[in-house]
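Inspection log for the structure reproduced underneath, given as structure tokens.
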Amino acid sequence: MSTRELIVLGTSSAVPTKRRAHNGYFLRWDGHGILFDPGEGTQRQMRYAGISAHDITRVCVTHFHGDHSLGLPGVIQRIARDGVTHPVRVAYPAAGQEYWERLRYATSFVDTEVIEAQPLAGDEVVVSGEDEFTVTALPLDHSIPTYGYRIAEPDRVHMLADRLAARGIRGPAVGRLKAEGFLIDAAGNRVELADYSVVRPGQVFAFVMDTGVCDTAVRLAERADLLVIEATFLNAEAELAARYRHLTAGQAGMIAAQAGVRRLVLTHFSERYGREEEDRFIAEAAACFSGEIVLAQDVMRVAVPSRRSEGGGTVAGA
């Protein structure tokens with residue numbers, strides 16, 4: 001049984017608070033574990049959430065501000081200490097190479113060879129390493145070079161068992177129909193794959209952190225089943241958001257609406273806001289976005305919504 005869920009480790013922005021740790025987000029995707037933006041204290045939050053170093057197969061860093069990267073030394077040294085043997089690929093902006101080097105070798109420790117650095121440069125980068133899904137990085141609009149990430153699995157064709165049975169198509173004929181897109185039946189009639197199958201779009205996860213409003217944020221989030229996006233400020237602080245190239249809750253909702261997102265997770269909240277203002281984040285995002293909205297809390301788990309489907313009928317082997 002596959003498991004696809006987001007485990008939120010930290011939800012504050014530049015300064016952690018008593019209730020909110022620095023950033024940290026762990027995406028469990030079947031046998032893969034992708035750690036996004038490990039801020040200060042990520043190791044400790046992993047312990048609370050039941051995540052081990054062995055669970056991490058990839059790390060994605062959006063940019064090298066401290067709240068998104070100060071946890072890297074501890075995570076890397078924990079990977080080394082715990083004897084992780086599988087490759088752990090780390091994607092990050094190539095423009096921050098000097099900061100990567102400092103964090104990678106921040107203190108003395110018995111090093112590991114499993115860390116594979118993947119510096120990113122360019123307007124659109126397909127990050128290599130996984131066969132089951134594609135990792136795409138696009139630049140965002142922040143004060144230093146920053147990338148957002150999109151995890152997408154390919155669409156799949158599933159055969160409709162009830163329609164196949166009604167037409168008398170079975171056995172090897174089903175395989176030929178799926179492979180070739182059509183077949184000629186015993187009566188000489190052409191049978192089209194589209195009439196006996198349904199396209200199941202692959203699931204999509206998007207991670208948009210530290211940016212002003214920009215086209216690439218929408219592109220990253222396009223038709224995402226789950227979007228994790230910063231909402232540093234409430235709408236009243238729109239001027240501050242623009243000055244520091246961050247998003248308001250309303251802008252996060254607008255991006256989600258434009259992209260056709262299914263489930264929206266708001267996070268990366270300024271320390272100026274307390275518990276009594278949390279409902280305002282949801283309300284301001286909901287003014288633009290009609291889908292499901294989750295206000296992230298530390299050590300929260302959020303499921304990736306089940307796959308979308310197009311067409312109808314019983315799916316064979318689903």
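Cβ coordinates come from backbone N, Cα and C, glycine included.
What Swiss-Prot says about this protein:
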ACT_SITE  Asp67  active site, proton acceptor
BINDING   His63, His65, His142, Asp210  Zn(2+) 1 binding site
BINDING   Asp67, His68, Asp210, His268  Zn(2+) 2 binding site
Query raised in the report: Which residues, sitting 6 or more apart from His65 (Zn(2+) 1 binding site) on the same chain, put a CB under 8 Å from its CB?
Result: Ala14, Ile144, Asp210
Query raised in the report: Within 10 Å of the Cβ of Asp210 (Zn(2+) 1 binding site), how many other Cβ atoms can be counted across all chains shown?
Result: 26
Query - Proximal residue to His268 (Zn(2+) 2 binding site) among recorded positions His63, Asp67, His142 (C-alpha distance) - result: Asp67
Requested in this report: Could you tell me which of these binding-site residues, His68, His268, has the fewest other Cβ atoms within 10 Å of its Cβ?
Outcome: His68
Report summary line: Least surrounded, by Cβ count within 10 Å, of the binding-site residues His63, His142 is His142
**Report entry** Spatial separation of His142 (Zn(2+) 1 binding site) from His68 (Zn(2+) 2 binding site) - C-alpha basis, Å
**Finding:** 13
**Report entry** Around the Cβ of the residue listed as 'active site, proton acceptor', the count of other Cβ atoms that are within 10 Å
**Finding:** 23
**Report entry** Inter-residue C-alpha distance, His142 (Zn(2+) 1 binding site) and the residue listed as 'active site, proton acceptor' (nearest angstrom)
**Finding:** 14
Report summary line: Reduced DSSP state (H/G/I helix, E/B strand, rest coil) at His142 (Zn(2+) 1 binding site) is coil
Query raised in the report: Inside 8 A of the center formed by the CB atoms of His63, His65, His142, Asp210, which other residues of the chain have their CB, for the recorded Zn(2+) 1 site?
Result: Thr62, Phe64, His68, Leu140, Ser143, Ile144, Thr146, Met209, Thr211
Report summary line: In three-state DSSP terms, the residue listed as 'active site, proton acceptor' is classed as helix
